[in-house]
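Annotated features in TrEMBL:
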- 1-28: region 'Disordered' (REGION)
- 10-20: compositional bias 'Low complexity' (COMPBIAS)
- 54-78: transmembrane segment (TRANSMEM)
- 84-107: transmembrane segment (TRANSMEM)
- 119-142: transmembrane segment (TRANSMEM)
- 162-179: transmembrane segment (TRANSMEM)
- 186-207: transmembrane segment (TRANSMEM)
- 227-247: transmembrane segment (TRANSMEM)
- 268-299: transmembrane segment (TRANSMEM)
- 319-343: transmembrane segment (TRANSMEM)
- 364-382: transmembrane segment (TRANSMEM)
- 394-414: transmembrane segment (TRANSMEM)
- 435-459: transmembrane segment (TRANSMEM)
- 465-485: transmembrane segment (TRANSMEM)
Amino acid sequence: MSTTESPQITTDTTDTTDTTKPAADRAAKGTQETLEDYTLRFAPRSYRRWTPMVVATTALGGIAYMADFSIGAGIGLAHGTGNALVAIAVAAVVIFLTGFPLAYYGARYNLDLDLITRGSGFGYFGSVVTSVIFASFTFIFFALEGAIMAQGLKLGLGLPLWLGYAVSTLMVIPLVIYGMKALSTLQVWTTPIWLLLMVGPLVYLIANDPGTVDRFLAYPGTTGDGAVNTASVMLGAGVCLSLIAQIGEQIDYLRFMPPKTEANKRAWWTAVVMAGPGWVVLGALKQAIGVFLAVYIIAEVGPAAAPEPIQQFRSAFDAMMPSWLVVPLAVALVVISQIKINVTNAYSGSLAWTNSFTRITRHYPGRMVFVLVNLAFALILMEADMFSFLGSILGFYSNCAIAWVVTVATDIGINKYLLKLSPLQPEFRRGMLHAVNPVGVVAFTAASGLSIAMYFHLLGDTLQPYSPVAAAVIAFVLTPLMAVVTKGRYYLRRTDDGIAEPLLDTDGNPSAVTLDCHVCGQSYERPDVTACVTHAAVVCSLCLSTDKVGDHVLPAAV
(Lines of atoms letter the chains of each structure in order from A; the text may use other names.)
(Lines give C-alpha, C1' and ligand atoms only; values in the text may rest on other atoms or scores of the structure.)
Protein backbone atom coordinates (compact mmCIF):
# COMPACT_ATOMS: atom_id res chain seq x y z
CA MET A 1 0.00 0.00 0.00
CA SER A 2 1.07 3.58 -0.58
CA THR A 3 2.15 5.78 2.30
CA THR A 4 -0.13 8.51 0.95
CA GLU A 5 -3.72 8.63 -0.21
CA SER A 6 -4.49 9.34 -3.85
CA PRO A 7 -4.76 13.09 -4.43
CA GLN A 8 -7.67 14.68 -6.24
CA ILE A 9 -7.07 14.81 -9.98
CA THR A 10 -6.76 18.42 -11.09
CA THR A 11 -6.14 20.26 -14.33
CA ASP A 12 -5.11 23.47 -12.54
CA THR A 13 -1.82 24.75 -13.98
CA THR A 14 -1.52 27.93 -11.90
CA ASP A 15 0.98 26.54 -9.39
CA THR A 16 3.91 28.96 -9.18
CA THR A 17 6.05 27.55 -6.38
CA ASP A 18 9.79 27.95 -6.75
CA THR A 19 10.29 24.24 -7.30
CA THR A 20 7.64 23.91 -10.01
CA LYS A 21 8.60 26.85 -12.23
CA PRO A 22 12.20 25.74 -12.86
CA ALA A 23 10.94 22.23 -13.62
CA ALA A 24 8.48 23.69 -16.11
CA ASP A 25 11.27 25.68 -17.74
CA ARG A 26 13.42 22.55 -18.06
CA ALA A 27 10.55 20.52 -19.51
CA ALA A 28 9.29 23.19 -21.90
CA LYS A 29 12.13 22.68 -24.36
CA GLY A 30 11.22 19.03 -24.76
CA THR A 31 7.46 19.45 -24.93
CA GLN A 32 6.95 20.23 -28.62
CA GLU A 33 9.46 17.67 -29.87
CA THR A 34 8.24 15.05 -27.41
CA LEU A 35 4.72 15.47 -28.73
CA GLU A 36 6.19 14.63 -32.17
CA ASP A 37 8.53 11.77 -31.31
CA TYR A 38 7.64 10.72 -27.73
CA THR A 39 11.35 10.31 -27.15
CA LEU A 40 11.24 9.56 -23.43
CA ARG A 41 7.76 8.26 -22.87
CA PHE A 42 4.72 6.18 -23.67
CA ALA A 43 3.40 6.72 -27.22
CA PRO A 44 -0.24 7.85 -26.79
CA ARG A 45 -3.21 6.46 -28.67
CA SER A 46 -4.03 9.90 -30.07
CA TYR A 47 -0.76 9.83 -32.06
CA ARG A 48 -0.90 6.19 -33.17
CA ARG A 49 -3.09 6.57 -36.26
CA TRP A 50 -1.27 4.16 -38.59
CA THR A 51 -2.67 0.75 -39.50
CA PRO A 52 -0.77 -2.37 -38.34
CA MET A 53 0.50 -3.02 -41.87
CA VAL A 54 1.85 0.51 -42.32
CA VAL A 55 3.73 0.22 -39.03
CA ALA A 56 5.07 -3.20 -40.02
CA THR A 57 6.17 -2.01 -43.47
CA THR A 58 7.92 0.98 -41.91
CA ALA A 59 9.68 -1.22 -39.37
CA LEU A 60 10.76 -3.76 -41.98
CA GLY A 61 11.96 -1.00 -44.31
CA GLY A 62 15.04 -0.60 -42.15
CA ILE A 63 15.96 -4.25 -42.77
CA ALA A 64 17.03 -3.21 -46.26
CA TYR A 65 20.54 -2.68 -44.92
CA MET A 66 23.42 -4.25 -46.87
CA ALA A 67 25.56 -5.27 -43.88
CA ASP A 68 23.86 -8.69 -43.83
CA PHE A 69 25.38 -9.48 -47.22
CA SER A 70 28.81 -8.54 -45.91
CA ILE A 71 28.39 -10.40 -42.61
CA GLY A 72 27.24 -13.58 -44.33
CA ALA A 73 30.01 -13.33 -46.92
CA GLY A 74 32.67 -12.90 -44.26
CA ILE A 75 31.50 -16.00 -42.38
CA GLY A 76 31.14 -18.07 -45.53
CA LEU A 77 34.53 -17.17 -46.97
CA ALA A 78 36.26 -17.95 -43.68
CA HIS A 79 34.44 -21.11 -42.56
CA GLY A 80 32.77 -22.48 -45.68
CA THR A 81 29.17 -22.51 -46.85
CA GLY A 82 28.01 -25.36 -44.60
CA ASN A 83 29.27 -23.77 -41.39
CA ALA A 84 27.97 -20.37 -42.48
CA LEU A 85 24.43 -21.60 -43.16
CA VAL A 86 24.24 -23.47 -39.84
CA ALA A 87 25.64 -20.46 -37.96
CA ILE A 88 23.12 -18.15 -39.62
CA ALA A 89 20.26 -20.52 -38.73
CA VAL A 90 21.36 -20.90 -35.09
CA ALA A 91 21.61 -17.15 -34.64
CA ALA A 92 18.24 -16.59 -36.33
CA VAL A 93 16.47 -19.00 -33.96
CA VAL A 94 17.96 -17.29 -30.89
CA ILE A 95 17.11 -13.83 -32.21
CA PHE A 96 13.52 -14.82 -33.04
CA LEU A 97 12.84 -16.45 -29.67
CA THR A 98 14.28 -13.58 -27.65
CA GLY A 99 12.74 -10.92 -29.85
CA PHE A 100 9.16 -12.14 -29.61
CA PRO A 101 8.37 -11.13 -25.99
CA LEU A 102 10.12 -7.80 -26.44
CA ALA A 103 8.21 -6.99 -29.63
CA TYR A 104 4.91 -7.95 -28.02
CA TYR A 105 5.52 -5.70 -25.02
CA GLY A 106 6.59 -2.79 -27.22
CA ALA A 107 3.49 -3.08 -29.42
CA ARG A 108 1.00 -3.89 -26.65
CA TYR A 109 2.13 -1.24 -24.16
CA ASN A 110 3.55 1.29 -26.66
CA LEU A 111 6.98 1.64 -25.08
CA ASP A 112 10.47 1.57 -26.53
CA LEU A 113 12.99 -1.06 -25.42
CA ASP A 114 14.66 1.22 -22.88
CA LEU A 115 11.36 1.80 -21.07
CA ILE A 116 10.62 -1.94 -21.20
CA THR A 117 14.09 -2.72 -19.82
CA ARG A 118 13.55 -0.44 -16.81
CA GLY A 119 10.63 -2.50 -15.58
CA SER A 120 12.03 -5.87 -16.67
CA GLY A 121 14.78 -6.38 -14.16
CA PHE A 122 17.02 -3.30 -14.40
CA GLY A 123 15.38 -0.40 -12.55
CA TYR A 124 15.12 3.30 -13.39
CA PHE A 125 18.87 3.97 -13.48
CA GLY A 126 20.01 0.39 -13.99
CA SER A 127 18.93 0.47 -17.62
CA VAL A 128 21.17 3.44 -18.42
CA VAL A 129 24.01 1.06 -19.29
CA THR A 130 21.80 -0.91 -21.68
CA SER A 131 20.67 2.34 -23.32
CA VAL A 132 24.31 3.17 -23.97
CA ILE A 133 24.84 -0.33 -25.40
CA PHE A 134 21.89 0.15 -27.74
CA ALA A 135 23.09 3.62 -28.72
CA SER A 136 26.49 2.16 -29.54
CA PHE A 137 24.75 -0.49 -31.66
CA THR A 138 23.13 2.24 -33.73
CA PHE A 139 26.31 4.18 -34.44
CA ILE A 140 28.40 1.05 -35.07
CA PHE A 141 25.91 -0.09 -37.67
CA PHE A 142 25.42 3.41 -39.03
CA ALA A 143 29.18 3.48 -39.62
CA LEU A 144 29.10 0.07 -41.26
CA GLU A 145 26.21 1.00 -43.54
CA GLY A 146 27.74 4.39 -44.28
CA ALA A 147 31.00 2.72 -45.27
CA ILE A 148 29.11 0.47 -47.68
CA MET A 149 27.39 3.49 -49.21
CA ALA A 150 30.74 5.26 -49.56
CA GLN A 151 32.09 2.24 -51.44
CA GLY A 152 29.14 2.53 -53.83
CA LEU A 153 29.64 6.27 -54.31
CA LYS A 154 33.33 5.69 -55.03
CA LEU A 155 32.55 3.06 -57.65
CA GLY A 156 29.73 5.00 -59.28
CA LEU A 157 30.75 8.64 -58.93
CA GLY A 158 34.46 8.46 -58.18
CA LEU A 159 34.05 10.11 -54.77
CA PRO A 160 36.98 9.48 -52.43
CA LEU A 161 35.99 7.37 -49.44
CA TRP A 162 36.46 10.15 -46.89
CA LEU A 163 34.01 12.35 -48.80
CA GLY A 164 31.61 9.44 -49.26
CA TYR A 165 31.61 8.90 -45.50
CA ALA A 166 30.66 12.55 -44.95
CA VAL A 167 27.93 12.48 -47.62
CA SER A 168 26.39 9.28 -46.23
CA THR A 169 26.32 10.86 -42.77
CA LEU A 170 24.92 14.28 -43.61
CA MET A 171 22.20 13.19 -46.04
CA VAL A 172 20.08 11.45 -43.37
CA ILE A 173 19.74 14.47 -41.07
CA PRO A 174 16.77 16.14 -42.84
CA LEU A 175 14.79 12.89 -42.79
CA VAL A 176 15.51 12.07 -39.13
CA ILE A 177 14.35 15.48 -37.92
CA TYR A 178 10.72 14.69 -38.71
CA GLY A 179 10.53 11.35 -36.94
CA MET A 180 7.95 8.63 -37.58
CA LYS A 181 5.82 10.63 -40.03
CA ALA A 182 8.66 11.13 -42.51
CA LEU A 183 10.20 7.71 -41.94
CA SER A 184 6.94 5.84 -42.58
CA THR A 185 6.50 7.59 -45.94
CA LEU A 186 10.12 6.93 -46.95
CA GLN A 187 10.03 3.23 -46.07
CA VAL A 188 6.67 2.47 -47.68
CA TRP A 189 7.56 4.08 -51.03
CA THR A 190 11.12 2.75 -51.37
CA THR A 191 10.58 -0.87 -50.31
CA PRO A 192 9.16 -2.16 -53.66
CA ILE A 193 12.09 -0.65 -55.59
CA TRP A 194 14.58 -2.16 -53.17
CA LEU A 195 13.01 -5.62 -53.40
CA LEU A 196 13.07 -5.57 -57.20
CA LEU A 197 16.74 -4.53 -57.35
CA MET A 198 17.80 -7.11 -54.77
CA VAL A 199 15.80 -10.17 -55.83
CA GLY A 200 15.99 -9.72 -59.61
CA PRO A 201 19.72 -10.41 -60.08
CA LEU A 202 19.64 -13.40 -57.74
CA VAL A 203 16.76 -15.06 -59.59
CA TYR A 204 18.47 -14.42 -62.92
CA LEU A 205 21.80 -15.93 -61.81
CA ILE A 206 20.21 -19.12 -60.52
CA ALA A 207 17.91 -19.53 -63.54
CA ASN A 208 20.64 -18.79 -66.07
CA ASP A 209 23.39 -20.89 -64.43
CA PRO A 210 22.07 -23.54 -61.99
CA GLY A 211 25.67 -24.65 -61.42
CA THR A 212 26.22 -21.58 -59.26
CA VAL A 213 24.16 -23.27 -56.54
CA ASP A 214 26.38 -26.37 -56.54
CA ARG A 215 29.56 -24.27 -56.38
CA PHE A 216 28.03 -22.26 -53.54
CA LEU A 217 27.11 -25.33 -51.49
CA ALA A 218 30.52 -26.94 -52.04
CA TYR A 219 32.64 -23.93 -51.07
CA PRO A 220 35.02 -25.05 -48.24
CA GLY A 221 36.20 -21.70 -46.88
CA THR A 222 39.74 -20.61 -46.10
CA THR A 223 40.12 -21.99 -42.57
CA GLY A 224 39.17 -25.63 -42.99
CA ASP A 225 37.96 -28.40 -45.23
CA GLY A 226 34.36 -27.18 -45.35
CA ALA A 227 33.03 -29.81 -42.95
CA VAL A 228 30.53 -28.51 -40.42
CA ASN A 229 32.12 -28.22 -36.96
CA THR A 230 30.89 -26.70 -33.72
CA ALA A 231 33.70 -24.18 -33.24
CA SER A 232 33.24 -22.64 -36.70
CA VAL A 233 29.47 -22.55 -36.28
CA MET A 234 29.75 -20.80 -32.92
CA LEU A 235 32.25 -18.25 -34.24
CA GLY A 236 29.93 -17.49 -37.14
CA ALA A 237 26.83 -17.39 -34.94
CA GLY A 238 28.59 -14.97 -32.61
CA VAL A 239 29.03 -12.48 -35.44
CA CYS A 240 25.39 -12.89 -36.54
CA LEU A 241 24.17 -12.51 -32.97
CA SER A 242 25.65 -9.01 -32.84
CA LEU A 243 22.43 -8.12 -34.67
CA ILE A 244 20.27 -9.25 -31.74
CA ALA A 245 19.91 -5.63 -30.63
CA GLN A 246 18.15 -4.85 -33.92
CA ILE A 247 14.93 -5.69 -32.07
CA GLY A 248 15.34 -2.34 -30.31
CA GLU A 249 15.07 -0.50 -33.62
CA GLN A 250 12.05 -2.61 -34.59
CA ILE A 251 10.35 -1.67 -31.32
CA ASP A 252 11.03 2.02 -31.95
CA TYR A 253 8.45 1.60 -34.74
CA LEU A 254 6.25 -1.08 -33.15
CA ARG A 255 5.48 1.21 -30.19
CA PHE A 256 3.27 3.13 -32.62
CA MET A 257 0.99 0.13 -33.22
CA PRO A 258 -2.73 0.83 -32.79
CA PRO A 259 -4.59 -0.79 -29.87
CA LYS A 260 -5.26 -4.52 -30.29
CA THR A 261 -9.00 -5.19 -30.65
CA GLU A 262 -11.23 -8.06 -31.73
CA ALA A 263 -11.64 -6.39 -35.11
CA ASN A 264 -7.93 -6.03 -35.88
CA LYS A 265 -6.30 -8.79 -33.82
CA ARG A 266 -5.27 -10.92 -36.81
CA ALA A 267 -3.65 -7.99 -38.62
CA TRP A 268 -2.18 -6.79 -35.31
CA TRP A 269 -0.49 -10.12 -34.51
CA THR A 270 0.70 -10.55 -38.09
CA ALA A 271 2.34 -7.13 -38.03
CA VAL A 272 3.95 -7.69 -34.62
CA VAL A 273 5.44 -11.07 -35.56
CA MET A 274 6.56 -9.95 -39.03
CA ALA A 275 8.11 -6.65 -38.00
CA GLY A 276 9.23 -7.78 -34.55
CA PRO A 277 11.13 -11.07 -34.35
CA GLY A 278 10.27 -11.79 -37.98
CA TRP A 279 12.83 -9.26 -39.18
CA VAL A 280 15.49 -11.94 -38.66
CA VAL A 281 13.95 -14.17 -41.35
CA LEU A 282 14.74 -11.55 -43.97
CA GLY A 283 18.07 -10.85 -42.30
CA ALA A 284 19.12 -14.51 -42.37
CA LEU A 285 18.11 -14.82 -46.03
CA LYS A 286 20.26 -11.81 -46.90
CA GLN A 287 23.21 -13.30 -45.02
CA ALA A 288 22.86 -16.55 -46.98
CA ILE A 289 22.60 -14.55 -50.22
CA GLY A 290 25.76 -12.72 -49.18
CA VAL A 291 27.60 -16.04 -48.99
CA PHE A 292 26.21 -17.04 -52.39
CA LEU A 293 27.25 -13.81 -54.10
CA ALA A 294 30.69 -13.79 -52.47
CA VAL A 295 31.38 -17.32 -53.72
CA TYR A 296 30.07 -16.29 -57.15
CA ILE A 297 32.49 -13.34 -57.51
CA ILE A 298 35.53 -14.45 -55.49
CA ALA A 299 37.44 -15.67 -58.55
CA GLU A 300 36.84 -12.31 -60.26
CA VAL A 301 37.51 -9.81 -57.46
CA GLY A 302 39.46 -11.81 -54.87
CA PRO A 303 38.69 -12.58 -51.20
CA ALA A 304 39.34 -9.03 -49.98
CA ALA A 305 36.65 -7.42 -52.16
CA ALA A 306 34.17 -10.32 -52.26
CA PRO A 307 32.40 -9.35 -48.99
CA GLU A 308 31.66 -5.83 -50.30
CA PRO A 309 27.97 -5.61 -51.31
CA ILE A 310 28.68 -3.09 -54.05
CA GLN A 311 31.03 -5.59 -55.72
CA GLN A 312 28.56 -8.45 -55.24
CA PHE A 313 25.68 -6.65 -56.94
CA ARG A 314 27.86 -5.04 -59.60
CA SER A 315 28.87 -8.52 -60.74
CA ALA A 316 25.30 -9.82 -60.48
CA PHE A 317 23.90 -6.96 -62.57
CA ASP A 318 26.78 -7.36 -65.04
CA ALA A 319 25.60 -10.89 -65.83
CA MET A 320 22.09 -9.82 -66.81
CA MET A 321 22.13 -6.39 -68.49
CA PRO A 322 24.14 -3.97 -70.66
CA SER A 323 27.35 -2.70 -69.08
CA TRP A 324 26.23 0.93 -69.11
CA LEU A 325 23.38 0.06 -66.70
CA VAL A 326 25.41 -2.06 -64.29
CA VAL A 327 27.11 0.53 -62.12
CA PRO A 328 24.14 2.95 -61.92
CA LEU A 329 21.79 0.18 -60.78
CA ALA A 330 24.29 -1.24 -58.28
CA VAL A 331 24.87 2.22 -56.83
CA ALA A 332 21.11 2.89 -56.73
CA LEU A 333 20.51 -0.33 -54.79
CA VAL A 334 23.25 0.46 -52.29
CA VAL A 335 22.17 4.07 -51.76
CA ILE A 336 18.48 3.20 -51.33
CA SER A 337 19.34 0.39 -48.91
CA GLN A 338 21.67 2.51 -46.83
CA ILE A 339 19.33 5.47 -46.56
CA LYS A 340 16.51 3.15 -45.47
CA ILE A 341 18.53 1.71 -42.59
CA ASN A 342 20.59 4.73 -41.59
CA VAL A 343 17.60 6.97 -41.00
CA THR A 344 16.51 4.28 -38.54
CA ASN A 345 19.98 4.03 -36.97
CA ALA A 346 20.18 7.79 -36.52
CA TYR A 347 16.62 8.02 -35.17
CA SER A 348 16.88 5.12 -32.72
CA GLY A 349 20.32 6.21 -31.54
CA SER A 350 19.05 9.67 -30.74
CA LEU A 351 16.24 8.18 -28.64
CA ALA A 352 18.66 5.97 -26.68
CA TRP A 353 21.17 8.74 -25.99
CA THR A 354 18.41 11.15 -24.94
CA ASN A 355 16.91 8.58 -22.57
CA SER A 356 20.25 8.02 -20.84
CA PHE A 357 21.29 11.67 -20.68
CA THR A 358 17.97 12.91 -19.31
CA ARG A 359 17.89 10.33 -16.53
CA ILE A 360 21.45 11.01 -15.42
CA THR A 361 21.40 14.84 -15.64
CA ARG A 362 17.64 15.48 -15.24
CA HIS A 363 17.97 17.83 -18.18
CA TYR A 364 16.38 17.43 -21.63
CA PRO A 365 18.61 19.00 -24.31
CA GLY A 366 16.47 18.01 -27.29
CA ARG A 367 16.63 14.89 -29.44
CA MET A 368 18.39 16.61 -32.35
CA VAL A 369 21.46 17.19 -30.20
CA PHE A 370 21.91 13.45 -29.94
CA VAL A 371 21.18 12.86 -33.61
CA LEU A 372 24.32 14.91 -34.24
CA VAL A 373 26.27 13.17 -31.45
CA ASN A 374 25.38 9.75 -32.83
CA LEU A 375 26.33 10.75 -36.35
CA ALA A 376 29.64 12.17 -35.14
CA PHE A 377 30.55 8.86 -33.48
CA ALA A 378 29.61 7.00 -36.67
CA LEU A 379 31.68 9.31 -38.87
CA ILE A 380 34.73 8.82 -36.65
CA LEU A 381 34.38 5.03 -36.97
CA MET A 382 34.06 5.29 -40.74
CA GLU A 383 37.13 7.48 -41.06
CA ALA A 384 38.97 4.91 -38.90
CA ASP A 385 38.20 2.26 -41.56
CA MET A 386 36.06 0.06 -39.32
CA PHE A 387 34.99 -1.98 -42.36
CA SER A 388 38.40 -3.68 -42.37
CA PHE A 389 37.96 -5.06 -38.84
CA LEU A 390 34.19 -5.58 -38.91
CA GLY A 391 34.21 -9.18 -37.66
CA SER A 392 36.23 -8.32 -34.55
CA ILE A 393 33.96 -5.41 -33.63
CA LEU A 394 30.75 -7.41 -34.08
CA GLY A 395 32.10 -10.49 -32.30
CA PHE A 396 32.99 -8.44 -29.23
CA TYR A 397 29.81 -6.36 -29.27
CA SER A 398 27.55 -9.38 -29.59
CA ASN A 399 28.42 -10.54 -26.07
CA CYS A 400 26.98 -7.40 -24.48
CA ALA A 401 23.96 -7.30 -26.78
CA ILE A 402 23.11 -10.97 -26.19
CA ALA A 403 23.41 -10.60 -22.41
CA TRP A 404 21.04 -7.61 -22.40
CA VAL A 405 18.34 -8.92 -24.75
CA VAL A 406 18.28 -12.42 -23.23
CA THR A 407 18.02 -10.94 -19.73
CA VAL A 408 15.01 -8.79 -20.64
CA ALA A 409 13.34 -11.55 -22.69
CA THR A 410 13.81 -14.04 -19.84
CA ASP A 411 12.40 -11.61 -17.31
CA ILE A 412 9.29 -11.17 -19.45
CA GLY A 413 8.83 -14.82 -20.38
CA ILE A 414 9.76 -16.50 -17.09
CA ASN A 415 9.77 -13.98 -14.25
CA LYS A 416 6.54 -12.28 -15.33
CA TYR A 417 4.48 -15.12 -16.77
CA LEU A 418 5.78 -18.28 -15.07
CA LEU A 419 7.23 -17.24 -11.69
CA LYS A 420 5.00 -14.15 -11.41
CA LEU A 421 7.73 -12.36 -9.46
CA SER A 422 8.01 -9.51 -11.96
CA PRO A 423 5.02 -7.17 -12.50
CA LEU A 424 3.14 -8.21 -15.64
CA GLN A 425 2.58 -4.65 -16.85
CA PRO A 426 5.87 -2.86 -17.60
CA GLU A 427 6.61 0.12 -15.37
CA PHE A 428 8.93 2.92 -16.47
CA ARG A 429 8.06 6.03 -14.46
CA ARG A 430 10.41 7.64 -11.99
CA GLY A 431 9.30 7.11 -8.43
CA MET A 432 7.53 3.86 -9.25
CA LEU A 433 10.77 1.93 -9.80
CA HIS A 434 13.80 1.33 -7.63
CA ALA A 435 16.94 3.02 -8.92
CA VAL A 436 18.63 -0.34 -9.54
CA ASN A 437 17.13 -3.83 -9.66
CA PRO A 438 19.76 -6.52 -8.97
CA VAL A 439 17.80 -9.12 -10.96
CA GLY A 440 18.68 -7.77 -14.37
CA VAL A 441 21.82 -5.86 -13.47
CA VAL A 442 23.57 -8.87 -11.90
CA ALA A 443 22.47 -11.26 -14.66
CA PHE A 444 23.57 -8.87 -17.39
CA THR A 445 26.89 -7.98 -15.75
CA ALA A 446 27.82 -11.61 -15.12
CA ALA A 447 26.76 -12.78 -18.58
CA SER A 448 28.51 -10.01 -20.49
CA GLY A 449 31.61 -10.00 -18.27
CA LEU A 450 32.27 -13.74 -18.47
CA SER A 451 31.50 -13.97 -22.18
CA ILE A 452 33.83 -11.07 -22.98
CA ALA A 453 36.57 -12.77 -20.95
CA MET A 454 36.02 -15.89 -23.04
CA TYR A 455 36.05 -13.90 -26.26
CA PHE A 456 39.48 -12.44 -25.44
CA HIS A 457 40.89 -15.92 -24.63
CA LEU A 458 41.19 -15.15 -20.89
CA LEU A 459 39.58 -18.52 -20.10
CA GLY A 460 41.54 -20.43 -22.72
CA ASP A 461 41.51 -20.85 -26.48
CA THR A 462 39.10 -23.78 -26.43
CA LEU A 463 36.24 -21.76 -24.91
CA GLN A 464 36.71 -18.66 -27.06
CA PRO A 465 34.25 -19.63 -29.84
CA TYR A 466 31.53 -20.28 -27.26
CA SER A 467 31.41 -16.77 -25.77
CA PRO A 468 27.99 -15.94 -27.33
CA VAL A 469 26.57 -19.21 -26.00
CA ALA A 470 27.91 -18.33 -22.55
CA ALA A 471 26.33 -14.87 -22.70
CA ALA A 472 22.92 -16.33 -23.55
CA VAL A 473 23.01 -19.25 -21.09
CA ILE A 474 24.29 -17.22 -18.12
CA ALA A 475 21.69 -14.50 -18.68
CA PHE A 476 18.92 -17.08 -19.11
CA VAL A 477 19.84 -18.91 -15.87
CA LEU A 478 20.73 -15.97 -13.63
CA THR A 479 17.69 -13.81 -14.41
CA PRO A 480 15.07 -16.12 -12.82
CA LEU A 481 17.56 -17.20 -10.14
CA MET A 482 18.08 -13.60 -9.02
CA ALA A 483 14.32 -13.01 -9.04
CA VAL A 484 13.82 -15.99 -6.74
CA VAL A 485 16.69 -14.96 -4.44
CA THR A 486 15.41 -11.38 -4.12
CA LYS A 487 11.75 -12.54 -4.07
CA GLY A 488 10.94 -9.82 -6.58
CA ARG A 489 11.34 -7.07 -3.98
CA TYR A 490 13.31 -4.71 -6.22
CA TYR A 491 10.96 -4.41 -9.17
CA LEU A 492 8.60 -1.76 -7.79
CA ARG A 493 9.29 1.03 -5.32
CA ARG A 494 5.52 1.35 -4.94
CA THR A 495 2.49 -0.25 -6.62
CA ASP A 496 0.05 2.68 -6.44
CA ASP A 497 0.75 5.78 -8.54
CA GLY A 498 -1.83 7.83 -6.64
CA ILE A 499 -4.40 8.12 -9.45
CA ALA A 500 -7.70 6.27 -9.27
CA GLU A 501 -8.20 6.05 -13.05
CA PRO A 502 -7.12 2.56 -14.31
CA LEU A 503 -3.99 2.30 -16.45
CA LEU A 504 -5.65 -0.11 -18.91
CA ASP A 505 -9.01 -0.05 -20.65
CA THR A 506 -11.45 -2.96 -20.79
CA ASP A 507 -9.58 -4.51 -23.76
CA GLY A 508 -6.30 -4.51 -21.84
CA ASN A 509 -4.85 -1.65 -23.90
CA PRO A 510 -3.27 1.43 -22.29
CA SER A 511 -6.04 3.84 -21.36
CA ALA A 512 -6.63 6.86 -23.62
CA VAL A 513 -8.06 8.99 -20.78
CA THR A 514 -6.12 12.27 -20.62
CA LEU A 515 -4.97 14.20 -17.57
CA ASP A 516 -3.22 17.57 -17.34
CA CYS A 517 0.34 17.85 -16.04
CA HIS A 518 0.45 20.72 -13.53
CA VAL A 519 4.11 21.46 -14.35
CA CYS A 520 4.16 21.87 -18.15
CA GLY A 521 0.42 22.35 -18.66
CA GLN A 522 0.11 19.67 -21.37
CA SER A 523 -2.45 16.86 -21.49
CA TYR A 524 -1.14 13.28 -21.39
CA GLU A 525 -2.78 9.88 -21.52
CA ARG A 526 -3.17 7.90 -18.31
CA PRO A 527 -0.07 5.62 -18.51
CA ASP A 528 2.23 8.65 -18.83
CA VAL A 529 1.35 10.39 -15.55
CA THR A 530 1.51 9.88 -11.80
CA ALA A 531 0.18 11.80 -8.84
CA CYS A 532 2.24 14.63 -7.35
CA VAL A 533 1.62 14.58 -3.60
CA THR A 534 3.47 17.85 -2.99
CA HIS A 535 1.03 19.83 -5.11
CA ALA A 536 -2.02 17.51 -4.95
CA ALA A 537 -1.99 17.30 -8.72
CA VAL A 538 -0.76 15.20 -11.65
CA VAL A 539 2.70 15.22 -13.24
CA CYS A 540 3.88 13.71 -16.55
CA SER A 541 6.82 11.34 -16.91
CA LEU A 542 9.11 13.87 -18.64
CA CYS A 543 8.60 16.49 -15.94
CA LEU A 544 9.36 13.74 -13.41
CA SER A 545 12.56 12.90 -15.28
CA THR A 546 13.69 16.55 -15.28
CA ASP A 547 12.74 17.22 -11.63
CA LYS A 548 16.15 17.97 -10.10
CA VAL A 549 14.99 18.30 -6.49
CA GLY A 550 12.52 15.40 -6.44
CA ASP A 551 9.58 17.61 -5.53
CA HIS A 552 7.15 15.73 -7.76
CA VAL A 553 8.42 12.20 -7.08
CA LEU A 554 6.09 9.97 -5.07
CA PRO A 555 7.47 8.65 -1.76
CA ALA A 556 8.37 4.99 -1.44
CA ALA A 557 5.63 2.66 -0.23
CA VAL A 558 5.96 0.92 3.12
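All residue numbers here begin at 1 and follow the chain in the order shown.
Cβ from N, Cα, C; glycine included.
Values in this document were obtained by computation on a predicted structure and should not be read as measured data.
Between the transmembrane segment (162-179) and the stretches 84-107, 186-207, 268-299, 319-343, it is 319-343 that has the most C-beta pairs under 8 angstroms.
Segment contact holds for the transmembrane segment (54-78) and the transmembrane segment (268-299), given three or more CB pairs below 8 angstroms at sequence separation of 6 or more. Contact count against the transmembrane segment (268-299) (Cβ pairs under 8 Å) is highest for 227-247, out of 186-207, 227-247, 394-414, 465-485. A Cβ distance under 8 Å defines the sequence-distant neighbours of the transmembrane segment (227-247), meaning residues of its chain 6+ beyond its ends; these are 63, 68, 71, 74-75, 78-80, 82-84, 86-88, 90-92, 94-95, 98-99, 102-103, 113, 133-134, 137, 221, 276-277, 279-280, 283-284, 287, 391, 394-395, 397-399, 401-402, 404-405, 455, 465-469. Listed as Cβ neighbours of the transmembrane segment (119-142) (distance under 8 Å, sequence separation of 6 or more from its ends, same chain) are residues 65, 67, 105, 113, 169, 245-246, 248-249, 341-342, 345-346, 348-349, 352-353, 355-356, 359-360, 374-375, 377-378, 381, 386, 393-394, 397, 400-401, 404, 407-408, 411-412, 415-416, 422-423, 426-428, 430, 433-437, 439-441, 443-444, 479, 482-483, 490-491.
Contact between the transmembrane segment (84-107) and the transmembrane segment (394-414) is supported by 3 or more Cβ pairs under 8 Å, counting only residues 6 or more apart in sequence. As a quick check, the transmembrane segment (465-485) and the transmembrane segment (394-414) clear the bar of 3 or more Cβ pairs under 8 A, pairs 6 or more apart, so the two touch.
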